[in-house]
Structure formats: C-alpha cells, structure tokens
Amino acid sequence: MFSTGTLLLAALISPALAGPWAIICAGKSSNEIRTCDGHGCGQYTAQRNQKLHQGVDVLCSDGSTVYAPFTGKIMGQEKPYKNKNAINNGVRISGGGFCIKMFYIKPIKYKGSIKKGEKLGTLLPLQKVYPGIQSHIHIENCDLSDPTVYL
C-alpha cells in the first residue's frame with residue numbers, strides 16, 4: 001500500500017509531466033510546431049503576407065486522427081477561409097479556462113462534450129491545397145493570445 005505522501009507526490013508529478021494539453025495528433029510523441037517551408041512558418045506571430053500568424057501549426061499527417069487537447073465542449077464549426085473547400089473546416093472548443101479554434105480537421109461532431117485525448121476528428125488533405133507544405137493542425141486561442149505554452 002502507498003503512503004499518503006507517495007500518492008500526493010504522484011498526483012503532483014503526473015500533470016506536470018503531461019502538460020496542460022494532450023498530444024493532438026495520432027502517431028506523434030509531442031505537439032511539435034511546424035517549421036518554415038515554402039508556404040510560411042508555423043510559430044505564433046510568424047509573418048504571413050501582410051499579417052501575423054495568430055495561432056500555431058502543430059505537425060500532423062494528412063488523414064491522421066486528431067485528438068481533443070483538453071476536456072470541454074465543442075461549441076460549433078469554424079471555417080478559416082471563404083474558399084479552399086478541401087480544408088475549410090474546423091471547430092471551436094471551450095473548457096477548463098481555454099477557448100480555441102482548430103482548423104483543417106473533419107470533426108466527428110460540431111457540438112457536445114469532449115474529453116482530453118478523445119478522438120476529435122481527422123486531418124484534412126492540406127497537400128491538395130498547399131503542395132509541399134508541412135501538414136498540420138492550426139490552433140488559435142479565441143482571444144488571439146499565444147497558445148504555445150499549452151502545447
């Protein structure tokens with residue numbers, strides 16, 4: 001049997017090692033941010049034409065399973081573009097003090113509860129729209145602050 005001190009220590013260490021958000025893409029051991037390629041860079045505030053990138057791009061292969069980063073509610077559909085229909089899909093998730101938009105996924109649902117690490121959907125085919133890009137999930141805080149620290 002474990003002592004109370006041992007159990008308390010384990011409870012404190014586990015979340016610290018896990019980080020606040022779950023691994024977002026199947027087959028990855030961490031939430032790695034996209035580096036620069038011919039289509040731009042994936043870090044927060046990277047230059048994009050005449051604007052700054054307002055989220056982060058987490059590497060993920062086209063067609064991979066995408067997981068919820070935290071427990072919360074899927075609030076509805078989000079579309080990043082007016083066109084580019086092959087990848088123009090995503091969701092808004094809110095819970096535990098977080099509110100994010102996740103783009104380039106085909107979600108399993110647009111409303112309802114979701115748990116941290118539960119299947120959220122599938123990454124859409126970025127290569128069809130942006131050949132040669134490092135395929136990724138775009139994650140953006142609803143208040144446009146930097147989400148990098150939660151990855």
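Glycine is treated like the rest: Cβ placed from N, Cα and C.
Feature annotations, courtesy of Swiss-Prot:
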SIGNAL    1-18  signal peptide
DISULFID  Cys25-Cys60  disulfide bond
DISULFID  Cys36-Cys41  disulfide bond
BINDING   His53, Asp57, His138  Zn(2+) binding site
DISULFID  Cys99-Cys142  disulfide bond
| request: Check the disulfide-bonded residues Cys41, Cys60, Cys142 for other C-beta atoms within 10 angstroms of each C-beta and report the one with the most. | output: Cys60
| task | Specify the count of other C-beta atoms within 10 Å of the C-beta of Asp57 (Zn(2+) binding site). | result | 28
| request: Count the other Cβ atoms sitting within 10 Å of the Cβ of Cys25 (disulfide bond), across every protein chain shown. | output: 20
| request: Among all chains shown, work out which of the binding-site residues His53, His138 has the most CB atoms within 10 A of its CB. | output: His138
| query | Here are some disulfide-bonded residues: Cys36, Cys99. Which one has the most Cβ atoms within 10 Å of its Cβ? | reply | Cys99
| Given Cys99 (disulfide bond) and His138 (Zn(2+) binding site), what distance in Å do their CA atoms have, once rounded to a whole number? | 14
| query | Using the Cβ centroid of His53, Asp57, His138 as the reference point for the Zn(2+) site, which residues of the same chain not in that list have Cβ within 8 Å? | reply | Arg34, Gly42, Ala46, Gly55, Val56, Phe103, His136, Ile139, Glu140
| said: Please report the Cα separation of His53 (Zn(2+) binding site) and Cys41 (disulfide bond) in Å, rounded to an integer. | reply: 9
